[in-house]
Amino acid sequence: MSVNYSAGLSPYEHKGKCGQPETFDTCDSVRDKVYQLAELVRNSKHLVVHTGAGISTSAGIPDFRGPKGVWTLEERGEIPNVDVTFEKARPTKTHMALVALEKAGIVKYVITQNIDGLHVRSGFPRNRLSELHGNMFVEECDKCGAQFIRANSVPTMALRPTGNPCTFTKSGGRLCRGRMHDTILDWEDSLPERDLEMADEHSKKADLSLTLGTSLQIVPSGNLPLRAKKNDGKLVIVNLQTTKHDKKADIKINTYVDDVMIQLCNSLGITIPEYTSPVVHLRSIHTKKEKKLKVFILDECLIPPVCKDEPQVKKKRKISVENNVKPDIGQSEIKAELKDMNVQLFTKTDLDPVIIDSQGANSQVDSVKLECDESGIKSEGTNHEPDHLCVMNNSQTLTSEQQDSNLSHIPYDHTPQEPPITTANIESTDFDQSPITASEIKTSETVKSSDQMITLTSMNAENEGCNHDKVSVENSFDL
């Protein structure tokens, strides 16, 4: 309890103003102010909430500076009578409203001075929360820095050893075995580095700061809400007592924080979930790429069940190398020996393998052209310039100027023949087609390599006019 917490701290004189009177706005005034707050929330892109002891009073945990606060009664020489322990305290409507607002993507971050652990036990994601003064349910290793969230409160305060060894497993399966200590700060202790850095970062990003149940007297946490004002943001304060920054607030609401949060969620159409049992979420469902916290859940009873509405992590599919490797024909070299001349054919590296099907079965024609080469090469026994067969697919257009890297030239005899162009079918698929033969074969030349064998068959006629050949390709290879 806050009573035991206060008793565990070292003596300190400057505890701020205690016992200030509480004031209440009228119901109509509260309703109007909550309506204005709802409009600010709707227009906000980065809402940051700052919470203090006032959000836990309805859970039975007394505050510190209220009329019946721990330090107020201490000044009077009185001891508060409290029956609720930290373990039995249940999150309030405000705690659960913040859980719902964060899940809806409205609240981006919460910064709290409370050590009761109710934010974490309510299910608010730990990576969207800064606990500046510690947590009664968390132990931290003094060697590796890992934090462990327990189901029961720690037995010590003021960063003292708890007597438990660190169970963090290092690489290689070795245990850290460092000494564990609590995370509750004493008056002169420095704030936790990671929590303070994240609180400062989000306070600077905030375009709307909402403070709930805090008098903002303790620094530096009490000054963080003002960061939004420096960036032309808004500041809204909800508290029963006056605060240090009331004059700088755009809206000040004097009433119970639970009433404000219930009305706010109703205005926004957000349903506040009922609390059933303590559950810990380490990461928000809105988490993107960011550094993972070294925080672990020690007791299994705090681990949440898998929820249907939470995104599941997709496992990376293992790709079978054998089933997905394409044949490496980019560097294969095909040599063809034709009559009285040698032609080197190179396969273009970025072209897909093709099958030439003279039957035209189950394939799609890309393009076959016969073009007249103007390079001056003469076919045998004629003064006419030879024609060339150019095979093109939809993504590549090959011309006679691209002979060195993209085109294979095959000279033909010039014999008039109808039709002037023989259509060949091309398909970029796996090379598992059945052999293709031509019905009429007069002469044939064979091109061989380690991966394939292509048979080119030409029908020759008279050496007159602009002539073309029939070409049939026999496929007898499998890449």
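Keep in mind that glycine also has a Cβ here, set from the backbone N, Cα and C atoms.
TrEMBL annotations: computationally assigned, not manually curated.
What TrEMBL annotates here:
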ACT_SITE  His133  active site, proton acceptor
BINDING   Cys141, Cys144, Cys166, Cys176  Zn(2+) binding site
DOMAIN    27-271  domain 'Deacetylase sirtuin-type'
Looking only at the domain 'Deacetylase sirtuin-type' (27-271), what is the model's average confidence as pLDDT?
93
Counting other C-beta atoms within 10 angstroms, the emptiest spot among the binding-site residues Cys141, Cys166, Cys176 is Cys176
What is the Cβ neighbour count of His133 (active site, proton acceptor) at a 10 Å cut-off, with all protein chains included?
19
Using all protein chains in view, find how many other C-beta atoms are within 10 Å of the C-beta of Cys144 (Zn(2+) binding site).
13
How big is the gap, in Å, between the Cα of Cys176 (Zn(2+) binding site) and that of His133 (active site, proton acceptor), rounded to a whole number?
26
Just to verify a number: CA distance, Cys144 (Zn(2+) binding site) to the residue listed as 'active site, proton acceptor', in angstrom, no decimals.
20
Rounded to the nearest angstrom, how far is the Cα of His133 (active site, proton acceptor) from the Cα of Cys166 (Zn(2+) binding site)?
22
Any idea what the Cα distance is from Cys141 (Zn(2+) binding site) over to His133 (active site, proton acceptor), rounded to a whole Å?
17
